[in-house]
């Protein structure tokens with residue numbers, strides 16, 4: 001995580017008045033730089049100087065090191081050389097991307113007046129400059145700075161603390177590159193899972209929250225955190241700031257937000273306003289996400305299941321990579337959103353499954369629509385760039401092509417007999433954009449378009465008569481230059497003479513070095529004026545060439561000015577219907593996800609799951625979606641297995657399966673595949689099985705794999721225990737829990753005891769659907785007294801002293817782990833294997849299993865409290881009062897909240 005310095009309020013466009021003390025010691029240009037930099041501490045300042053952005057002092061040293069560019073110097077300040085480096089304006093986005101990726105933020109300072117205007121104000125006048133944009137990780141819009149397949153979220157976190165203890169958090173997250181705006185409220189216990197789901201690129205918090213020791217570790221999990229002053233998170237002015245941003249009189253037209261949600265939402269739009277400096281990116285009204293609307297998945301579970309990234313940090317090999325058959329960037333982003341937040345509403349899931357099912361059944365429609373979508377642009381991001389003045393001609397063309405594609409998709413969808421509800425909604429969205437706009441854009445825009453509007457040449461010939469006239473004058477002058485070159489070659493006798501052009505010299509005459517002396521000698525030197533000598537060429541100008549260059553420049557400037565006016569006019573028309581265009585873009589994304597999941601289902605032989613509100617969990621012939629694809633690439637089959645955690649006829653809660661078997665037999669794969677099948681079902685996807693029935697899962701927990709956390713001073717075993725504690729403390733009846741090898745990181749009996757107690761707690765207290773894999777075979781004895789516990793094992797076969805893994809899960813329990821056979825396969829020396837067998841034989845003679853069976857008979861269940869626990873004294877009144885005081889954060893409380901807290905504390909005092 002990168003902890004950032006606060007972003008200051010940007011200065012006005014006009015440079016502040018010079019400071020007298022600085023004026024005596026620095027040049028006017030450096031004086032201007034220092035004043036602008038002082039207003040933007042904590043950011044690297046890109047200071048525009050002609051065709052370069054230049055950086056000075058510490059900024060230059062940081063940029064030079066990060067970008068690998070030359071560090072030089074320019075002038076002196078207080079007797080010391082001023083470090084300086086620069087990047088070309090035309091390559092600025094590439095350098096910005098590298099700086100942002102390295103955790104830096106950048107203030108972009110542009111020239112806000114023409115140099116000629118500065119000169120007219122006086123010889124010593126400096127060109128006015130102002131910061132036009134603050135580039136931060138969460139406020140990017142350019143394609144070159146963004147991952148096309150991922151959202152780029154800015155997250156605002158607001159906290160409220162109660163005198164009775166317990167935190168509540170308001171969260172608002174915005175992607176200004178797509179205009180998405182979401183809000184929710186959660187408890188402190190839900191915060192980590194919610195942050196992991198949103199996966200923001202940048203978070204903004206109050207100074208107090210930034211420095212909070214309790215939340216420090218949670219915040220450190222985020223890529224970048226920026227602290228802001230408390231006024232940005234002022235709940236009293238939150239609704240007014242939101243109304244101002246959306247230009248509405250009241251919040252009635254927006255979502256009904258809680259005070260905390262409104263506080264976070266207003267902080268987010270305030271930060272967007274500050275970073276865009278005068279621009280006002282259009283956003284969708286904040287959509288409120290109800291608590292519990294999505295499956296809660298904590299960060300450890302997301303990592304263990306490798307949902308979007310493998311444990312090595314790669315997309316390839318993740319579940320997202322395995323199921324992503326989308327053909328558009330927007331579709332890929334939507335699929336990632338759904339995978340991050342599986343639904344918990346069965347009817348909503350059914351609507352998604354209906355859409356996928358329609359395209360599973362109609363392969364021709366599926367492939368036709370996918371073919372159209374392949375050429376569809378990313379309209380949401382094109383609109384975002386145009387709205388903040390960073391768009392180009394290709395963005396306008398993208399909107400044109402998007403409207404044309406909408407017509408093509410509508411025509412094909414119209415051939416469906418009975419489109420499902422989700423597809424019907426898409427069809428309605430695709431009818432909204434104006435077809436007249438597409439027609440005008442088609443008339444106005446040329447076939448070949450530049451990336452940057454200032455390059456010109458993007459308006460079609462014949463669209464604007466005044467522009468055609470300016471271009472003809474410019475081009476006619478260029479023909480004069482061509483004829484001039486032929487005449488100069490004849491006059492000088494230098495057949496290789498050329499007239500060329502660059503941005504520094506303008507037009508110039510160029511000859512090889514061997515002919516240079518001829519042009520610099522009489523009588524030709526009266527016509528040809530020397531400009532530049534290079535290694536192999538010498539360059540000249542003439543008064544005639546200077547005159548024609550001025551005519552070309554004037555005509556070219558007029559042509560470019562007219563083109564830019566046309567661009568702004570077309571851009572304004574597009575932004576007038578931005579809501580309609582954005583709705584169509586969302587429709588494309590929905591269609592892309594539905595058709596891609598249908599293709600996945602057909603290609604990989606997936607089936608439609610049954611998802612309901614029961615506690616059922618029955619999967620027949622289930623497969624791991626990622627492992628199966630990997631095996632298929634190698635020409636190997638995947639062994640499917642069933643799993644049924646549904647409540648037995650006489651039971652109300654789901655079952656707990658205890659899975660035993662050797663290493664390498666496939667226990668972890670079996671655990672993960674069932675969790676992934678459930679997750680796929682609840683995002684609205686078909687699943688890898690022959691049949692699947694899933695009762696809604698509200699929380700998914702996974703404790704699989706082993707890794708330490710050296711940064712936090714945690715051993716592998718400690719990490720395991722922390723994650724297990726979270727499961728035992730948070731899992732409810734609707735949760736799905738998968739646990740692998742709990743207790744393996746400590747002494748045998750310690751580990752066995754922990755695993756034993758954990759099973760009892762899951763069975764008696766949590767009462768959730770659970771898969772528990774272990775090498776402690778003694779635990780199988782618990783099935784005799786835990787009615788909802790079921791023993792299962794992974795089948796193996798011994799053959800000629802070796803073990804063959806069959807990867808079949810069957811009822812029963814393993815009597816051994818075959819660890820020595822696995823060690824032999826791994827290549828341990830024969831002497832070690834022989835000795836290990838000898839030691840194992842002696843240990844097995846002690847019959848640990850008999851001891852475990854006796855314990856199972858003698859020990860009471862976990863749910864029965866011990867006498868010591870029953871007789872434990874409750875906390876004293878003084879302790880309760882002290883805990884309540886510790887929970888208070890005065891810096892975050894309004895006067896009214898502080899008064900309420902004081903009364904609440906007084907109420908806790910014993911009555912006199």
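One-based numbering along the chain as shown.
Each residue, glycine too, has its Cβ placed from N, Cα and C.
On a predicted model such as this, the values are computed, not experimentally measured, just so you know.
As recorded in Swiss-Prot, the features of this protein are as follows:
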BINDING   661, 662, 663, 664, 665, 666, 667, 668  ATP binding site
Count of other CB atoms lying within 10 Å of the CB belonging to residue 667 (ATP binding site): 26
Nonlocal residues around residue 664 (ATP binding site), in sequence order (Cβ under 8 Å, 6 or more apart): 805, 822, 825
Chain-mates of 661, 662, 663, 664, 665, 666, 667, 668 with C-beta within 8 Å of site centroid, ATP: 794, 805
Residue with minimal Cβ packing [other Cβ atoms within 10 Å] among the binding-site residues 661, 662, 666: 662
Neighbourhood of residue 665 (ATP binding site) by C-beta distance under 8 A, where only residues 6 or more apart in the same chain count: 794, 795, 796, 805, 807
DSSP three-state assignment (helix, strand or coil) for residue 666 (ATP binding site): coil
Local Cβ density at residue 663 (ATP binding site) - other Cβ atoms counted within 10 Å: 19
